[in-house]
Amino acid sequence: MKEAMIAAKKPAFSFKSALEQFLAFGSLILLIIFFSIASSNFFHFSNIVGILLSTAVIGVLALGSTFVIITGGIDLSVGTVMTLCSVMTGVFITTLGLPVYIGIIGGLLTGAVCGLISGIAISRFGIPPFIATLAMMMIAKGLALVISGTKPIYFTKSPVFMEISQGSLLGDLIPGFEVPNAVLIFFIAAIVGSVLLTRTIIGRYNFAIGSNEEATRLSGVNVRNWKIVIYTITGVFTGLAGILMASRLNSAQPSLGMGYELEAIAAVIIGGTSLSGGKGTIVGTVIGALIMSVLTNGLRILSVPQEWQTVVVGFVILLAVYVDNLRRRKA
Amino acid sequence: MEHPLVKMEGIVKNFAGVHALKECEFELRSGEVHALVGENGAGKSTMMKVLTGVYQKDQGSTFYKGKKVDITDTATAQKLGISMIHQELNLSQDLTVAQNIFIGREPRKAIRLFLDDKEMNRKTELLLKQMNLDISPTMKVSELTVAKQQMVEIIKAMSYESQVLIMDEPTAALSDSEIDDLFRMIEQLKLKGVGIVYISHRMAELKRITDRITVMRDGVYINTMQTADVSIDRIIAMMVGREIYQPAKSERNTGGKSETVLQVKGLMRRNTLQDISFSLQKGEILGIAGLIGAGRTELARAIFGADQIDAGEIFIHDQKVKITGPHQAVKHGIGYLSEDRKHLGCLLDMDVKTNVVLATMNDFTKGLGWINNNRISETSIKIVEELTVKTPSIGQKLKFLSGGNQQKVILGKWLTRDCDILIFDEPTRGIDIGAKSEIYKLLESLVAQGKSIIMISSELPEILRISHRIIVMCEGRITGEFNNDDDITQEQIMACATNRTSSAKTEREE
């Protein structure tokens with residue numbers, strides 16, 4: 001009986017989750033095959049690395065967004081908060097001349113504080129996530145401009161900061177395998193995110209809240225506090241994205257960032273996470289982000305104008321959610 | 001011979017390898033009320049969902065008026081004239097009666113863009129008159145009582161020219177006089193030749209309104225009988241297939257007066273609770289009786305911290321405690337089983353094991369919040385075995401379990417937490433007789449283990465049967481308290497439950 005209880009669950013479980021991942025993953029592979037055939041320039045080590053590098057920032061933002069979206073919430077502020085984190089890192093390192101690691105911690109903390117404030121506004125003051133994070137989006141945008149004096153902050157005095165994104169630890173270890181650190185950091189962040197979501201109490205409550213917030217509350221779970229924790233986690237990922245961004249551009253650009261939140265949300269949704277909460281995976285989000293980059297990159301190689309690339313991505317989102325709905329209805 | 005309205009034969013339906021229906025049959029004639037009874041999980045709803053196209057059968061055939069039909073979706077069923085009145089009503093609260101009835105096929109004016117509200121209200125008026133209903137077409141649905149809303153649903157179904165009407169627990173939320181109105185309506189529908197499938201757990205009603213009864217058990221068709229030829233006891237025996245547990249009165253008077261575990265003093269909450277004081281002893285079942293809206297659920301929620309209180313004190317083991325949220329109530333060892341199991345009690349989209357440990361997740365982590373899945377599995381298997389939860393595995397999502405089994409999983413959650421004080425809010429609502437007696441048995445064994453229980457119930461026989469002490473509520477205050485060892489009657493309790501206000505009371509005394 002005992003063996004049956006657990007055994008019965010295992011094959012069914014892994015098979016189903018494999019199937020759920022397959023759709024997004026399958027489309028990614030199809031896209032890669034398509035572009036490889038369509039253009040000989042696509043499947044080159046340098047181009048693949050380029051795709052991964054361009055995924056890193058949006059990807060890390062999307063990882064953070066996955067957490068709040070699984071609670072049934074949303075965070076519209078991640079784009080501009082990311083910018084604010086870049087600017088704060090710039091202030092610590094360039095303006096105040098502090099060591100690089102302080103700048104990194106400062107950037108992460110800025111993200112955490114923004115997430116914390118959104119979380120408090122949502123769960124203590126009962127402001128809907130959409131509104132609370134919309135407000136945070138504008139606050140962060142404004143603050144980034146005010147603090148930087150609307151001018152970019154360059155990291156010319158600390159060349160090591162650039163290495164965070166553009167250096168290649170892997171390339172140093174394995175000659176010829178020049179994968180930039182930003183990509184490495186993205187994948188490590190994804191693993192950390194996945195472990196948080198599937199193996200820890202934070203993740204379990206994250207799904208419970210998204211599945212039925214009131215029932216979770218009535219089970220004695222301090223839902224308010226956990227939601228604050230989850231928004232703060234999103235903030236930390238946003239901070240990380242901000243550091244990667246600044247390091248990649250070797251400067252903090254205070255006017256960038258607006259609109260990134262929507263691309264991050266798009267990646268999460270293409271990856272199969274439900275906007276109504278309770279369902280989603282980190283692997284899905286990584287694949288979702290990759291699908292978007294592969295599309296943009298492939299279309300560019302095929303000389304499709306940038307404006308049209310955006311149109312295509314829009315249709316892909318519609319298609320992804322439609323296919324996902326079909327699958328759910330069958331299940 | 002005339003063909004029956006509906007005939008279903010050899011219906012088989014599996015969910016993920018589990019037999020939900022095994023070779024089931026069902027027949028409905030025109031102008032009859034046909035009861036479909038069975039315990040929760042017996043397959044009644046699944047059978048009806050196959051008929052209405054919500055589920056697809058794996059095997060078997062459905063005949064409609066003698067013709068074999070393939071009902072692939074709900075729209076097909078509706079086109080054929082098969083409608084279902086769900087337990088949860090599907091009306092838009094902010095629209096009027098007429099708007100709800102004609103939703104999706106509103107009468108238009110010559111210029112098709114504009115609605116013809118006059119025509120719509122006239123048609124609705126006509127429909128309402130045919131059924132002798134005193135409802136205005138322009139009233140908002142939110143202003144109607146639940147009973148009236150249900151009638152609007154029935155009218156809506158009839159306006160589609162439905163020949164088959166499936167009613168799922170139609171009387172669950174109705175008062176006696178409202179039930180009379182509903183039955184009058186059913187009689188009229190019968191005269192029109194409509195066939196009605198009547199799903200209910202209330203045996204007395206079946207005797208009163210139905211012509212034939214079909215019994216199902218564990219996904220198997222048992223029998224179909226003329227209602228007039230069969231006794232209630234016989235039906236119950238067929239449904240359950242086993243003895244019904246009935247605690248002897250002497251057995252349950254062991255409620256010790258030794259130790260007060262919970263004391264409530266002067267609890268107030270604006271508009272709902274007024275000056276509530278009572279105490280709960282160790283090892284006793286305290287029944288809270290009253291009519292719907294008397295404030296019993298509100299009292300439970302206030303004690304549990306789900307709603308804030310305006311004044312009053314709560315003592316647990318003689319210690320004054322301040323409960324500002326459910327997480328604190330749980331910390332003090334209080335567990336609450338909500339009346340609204342589906343929305344407030346459990347996570348339907350999550351599996352059995354997650355639901356079992358939801359209140360105790362912290363105990364299943366090894367530092368840094370890392371979850372110990374093996375221990376969660378062990379505990380869940382123990383709970384599933386102890387409470388005999390019927391589930392293929394602990395990885396099964398709760399939405400695939402029957403109501404009684406969901407209730408057991410929720411109870412398992414609080415047992416895992418080792419709560420001393422359990423508040424059961426309508427623990428047997430929507431649960432069939434067999435599972436009911438299991439729940440009673442559980443309550444008995446819980447108090448035998450020294451736990452204390454507050455049980456809210458709208459069924460007086462249930463309260464009288466199982467509680468040691470009874471308090472009665474009316475309009476947010478306590479209007480009566482009884483020891484259940486006296487010979488108290490349902491009438492005495494009802495008198496307290498309808499003891500509207502203090503002014504009314506003095507009037508009666510004068």
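Cβ from N, Cα, C; glycine included.
Note that TrEMBL annotation is computational and uncurated.
Summarising the annotation, TrEMBL assigns transmembrane segment to A:21-42, A:48-69, A:76-94, A:100-122, A:129-149, A:182-207, A:228-246, A:258-275, A:282-302, A:308-326.
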Most Cβ pairs under 8 Å with the transmembrane segment (A:282-302), selected from A:21-42, A:182-207, A:258-275
A:21-42
Which one, A:48-69, A:129-149, A:228-246, A:308-326, has the most C-beta pairs under 8 Å toward the transmembrane segment (A:258-275)?
A:48-69
Which sequence positions outside the transmembrane segment (A:182-207), separated from its termini by at least 6 residues, show Cβ-Cβ distances below 8 Å to it?
49, 52-53, 55-57, 59-60, 63-64, 66-67, 70-71, 164-166, 169-170, 216, 221, 223, 226, 229-230, 233, 237, 240, 244, 247-248, 278-279, 281-283, 285-286
Compare A:21-42, A:76-94, A:129-149, A:228-246, A:308-326 by their Cβ pairs under 8 Å to the transmembrane segment (A:48-69) and return the stretch that comes out on top.
A:228-246
Beyond the flanks of the transmembrane segment (A:21-42) by at least 6 residues, Cβ under 8 Å
270-272, 281, 283-284, 287-288, 290-291, 294-295, 297-298, 301-302, 320, 323-324, 327
Taking residues 6+ outside the transmembrane segment (A:76-94), which of them lie with a CB under 8 Å of any CB in it?
57, 61, 64-65, 100, 102-104, 106-108, 110-111, 114-115, 118, 130, 133-134, 136-141, 143-144, 147-148, 153-158, 161, 234-235, 238-239, 241-243, 245-246, 251-262, 264
